[in-house]
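What follows is a short report on a single structure.
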Amino acid sequence: MDEHHLWATILADLELQVSEVVFRTLISQTSLESLDDGKAVISCNNPMLINIIEKRYHDLIKTTLRNYTKKDVSLVFNARKNKHLNHIDGPLFTMKLPDNFSPPSTGLKLNRDYNFENFAVSSSNQMAYAAATAVVNNLGHAYNPLVLYGGVGVGKTHLMQAVGHAVGQKNIKTKILYCTGEEFTNEIIEAISTKTTVTFKKKYRLVDLLLIDDVQFIAGKYSIQEEFFHTFNAVYQAKKQIIITSDKPPEEINKLEDRLRSRFECGLTIDIGNPDFELRTAIVLIKAKQKGYELSMESAKTIAANIENTRKLEGTLTRVISESQTKNLPVNNDLIKNILGKTLKKIPPSKKVLPEEILKAVAGFYNLKISQLKGDKRDKVYSFPRQILYYLLRTEAGVNLKDIGEFLGGRDHTTILHGIRKISNLLSTDNNLRGDVMGIKNELFV
Ligand code: ADP
Ligand code: MG
């Protein structure tokens, strides 16, 4: 296999292992420059992305490459300078905000801690993260509008503001405007009553990046929606970037006018899931580091195991640190228990799922016998759960295509590939399927 062909095969395999957005925005941008002496040089058309790819996908790419070359290969990530990208100055994610960083737009109120560096990525928010970084690199063109939705505390505001910081750092002249749906509403009401609607209109319509947080607030408020729609249209038609967050997916904001909804849907809508235990642990560690405090992994895990609400993580951590410092006590389970005022839950063991467990969970979920799931019958009642099984074996247990085929009694790997592709594509549009997959995963991870 020549290098070009090999890389195409590896990309096809990687496509199955990451979400569609990650693949489209990051992985698919790479090419294999050379492969010899146990060294693979991987480059990317967009030099800004290479750092992210290296940081987050090094191991995945390495393992996948090894599956095909059957050799241990070390990876070198190389930014290939593209003539038309020369204006981009260096990797975004190693840049730090200078201490005297002043927001690029007057009155821009972003929380300085809500940046990409302080954002932990895990399976529940990986797609949203990839889309947000793509927007930074291609303002107004990548995904417009980008709509992030998810429950309270999943990191919508943090991620949205991270885009604001990154865009501001790239170009200090970019006009950025951040406001919540509530502030937007209050400003309109104020503008109407003080007859300053022209100023209002100018302010919102002359931006390069419009960030509207918690848009669900304006649903049902007719005249506000009307103004929001005009603003939105003006910004959108000028090909300026819009990012919106909502605690409900657009199709569920009943009272948001149809035309608003259809505009939403022409961009990219991504849901952010609730952070799992591992992600909460990562968040506690990040917050501790921000406060200049060395927290042990054990304590971070204990806090994460006992607090589900991410918004409470930081407050708890602050109390733990101050209690330890004022009373000169070590941070340990006793101290944490005292602060939480309850018996501590145990740290969940880190669990690796086995193919057999996935097989059982899928069969159980769809009320099928294992033999039916493994069998050859092509009726949809069997074939669809079977394709979900392929998908979960690949994504949750990391089994490769060939081994999935063998595990299920000698199926051809192209059949498996087809099934996995189908499920990953459907997952972005089909809510029922998403619900099923989540239900099965819940069974696997309790
Ligand atoms: P939302 O807007 O979705 O309600 P926030 O963005 O306000 O959630 O996040 C709540 C808290 O949790 C914030 O302190 C935020 O920094 C933190 N947080 C949430 N997700 C992450 C993440 N992936 N990495 C780091 N911190 C996070
Ligand atoms: Mg928020």
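Along the chain as shown, the residues are counted starting at 1.
Each residue, glycine too, has its Cβ placed from N, Cα and C.
Where the annotation comes from TrEMBL, it is an automatic prediction and has not been curated.
Per TrEMBL, the features are:
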type	residues	note
REGION	1-100	region 'Domain I, interacts with DnaA modulators'
DOMAIN	142-274	domain 'AAA+ ATPase'
BINDING	Gly153, Gly155, Lys156, Thr157	ATP binding site
REGION	325-446	region 'Domain IV, binds dsDNA'
DOMAIN	354-423	domain 'Chromosomal replication initiator DnaA C-terminal'
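Per-class residue totals from DSSP over the domain 'Chromosomal replication initiator DnaA C-terminal' (354-423), listed helix then strand then coil: 51 helix, 0 strand, 19 coil. All chains included, 25 other C-beta atoms sit within 10 angstroms of the C-beta of Lys156 (ATP binding site). Ranked by Cβ neighbours within 10 A across all protein chains shown, the binding-site residues Gly153, Gly155 are led by Gly155. Around the Cβ of Thr157 (ATP binding site), the number of neighbouring Cβ atoms within 10 Å comes to 19. Taking a Cβ distance under 6 Å to any atom of ligand 2 as the criterion, the binding-site residues Gly153, Gly155, Lys156, Thr157 reduce to Lys156, Thr157.
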